[in-house]
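Enquirer: Dumping the structure here so I can ask a few things about it.
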Amino acid sequence: MILNCAQPLPLLRHTDVPPRVTENFILTGYRFPNYSLRDCLMSAFRPTNETGNFWTHFLPVFVFFYYFVEVFGWEGAPGGDAPFFYPLWNYFIGVFCLLMASSMAHLLNSMSLVVREVCFFVDYGTISAYTVGSSLAYYYYIHPRAGILETGGHNGSHTDLKQEPAGSPTSSYAIPEFSAFFEIFYIPSACIVAIICVLSCCNTRQRWRRHRYIIRTLVFLLPFLVSSTPVFYRLLTRSPYSTATSSFDASTSMPSFFYRHCLWLLVSAAFNISKFPERLAPGRFDIWGHSHQWFHCCTFLSILDELHMIKAEVRAILLSPTLLLPPNALARLPGPTAASTYGVMLLLQTTIVSIIMWFSWHANCIYGPQRDQLEKQHPKKQLKCH
């Protein structure tokens, strides 16, 4: 009996694939861009130069989920579908989409040159969506007014917080100039910056190619600075919690997690720009240990510390019997609603999808005509198994 048994397609050197596919200092382990979907999926279990890139963002999905669901088992936590957790779920959506899109982009990009472009356009889009998911979590859990009922006579000392009538004309801002930014411009600014990042990163695949890694790295520094404004504010001012409360104790770990979050981001940026270690020994780190794999590992560690930081603030709010995230009556910050969380993400994702579709159409105009020519030059060989 003769079976048509498709054997793994051979891996190639950088000289055997289109220049568009090659990466700096990576010489071997390339897949030719004419793989079928099945070939791509099976390549996750072969030592290609994309295998490590796939697994270093696919496996972290499960690690992140493990630490994420812990919140819902805390004492005093409302149900998982409560408005209190809307921002947290949006943060989860952002991280999940980022990790999945990144891993799938590295796994499926060898189907064609056009698919390769689309995969990474989607990757950039999910990174931007993740930054807005982070911003929503920061706004509702780390915002200087999040869950906090401030009292009058604000003198900067650690005094106990007391219940006051709703609508009381008190301010919780130690730096009043930040009031308008936080309450009016913070979330819109995060969304606008995210859209700018998508446009810039997608453009690096069609122009600015020489400095693409530097541009992509620096472009995502801007949303980090905007999104992290509530954290910077908290680090520059006193804690909103009284020192005598368990909320204060829970919140004290927030700065250390944020500093670690920043450290991992800096290290990941260094790997992405320097192309270390493969720059020092081209060809030696083609399969395992090249810079993009370390970049993935460091970015996930930064996300994990960010999750712990957000969880510390969520716990601080939950531990206080009187300081609750709105819509509870006494809190001063408008609470999360479906429109202000899921609605924002839906509007952003719709805009990002539109941008991706435009760039994908443009990529198809450029690389589509090359598809048939590449298939003629490199036909797939189907071997027979007896």
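Placement of Cβ uses the backbone N, Cα and C atoms for every residue, glycine included.
Where the annotation comes from TrEMBL, it is an automatic prediction and has not been curated.
Pulled these from TrEMBL:
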| type | residues | note |
| --- | --- | --- |
| TRANSMEM | 52-69 | transmembrane segment |
| TRANSMEM | 89-108 | transmembrane segment |
| BINDING | His106, His292, His296 | Zn(2+) binding site |
| TRANSMEM | 120-141 | transmembrane segment |
| TRANSMEM | 178-201 | transmembrane segment |
| TRANSMEM | 213-236 | transmembrane segment |
| TRANSMEM | 342-361 | transmembrane segment |
Enquirer: My understanding is the cutoff is Cβ-Cβ under 8 Å with a sequence separation of 6 or more in the same chain; which residues meet that for His106 (Zn(2+) binding site)?
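Expert: Residues satisfying the criterion: Glu50, Asn53, Phe54, His57, Cys119.
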Enquirer: Within the same chain, and leaving aside His106, His292, His296, name every residue whose CB is within 8 angstroms of the centroid of the CB atoms belonging to the recorded Zn(2+) site, in sequence order.
Expert: Glu50, Gly52, Asn53, Phe54, Thr56, His57, Ser102, Gln293, Phe295
Enquirer: Just how many other Cβ atoms lie inside 10 Å of the Cβ on His296 (Zn(2+) binding site)?
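Expert: The answer is 25 other Cβ atoms.
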Enquirer: Which residues, sitting 6 or more apart from His292 (Zn(2+) binding site) on the same chain, put a CB under 8 Å from its CB?
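Expert: Listed in sequence order, they are Glu23, Gly52, Asn53, Phe271, Asn272.
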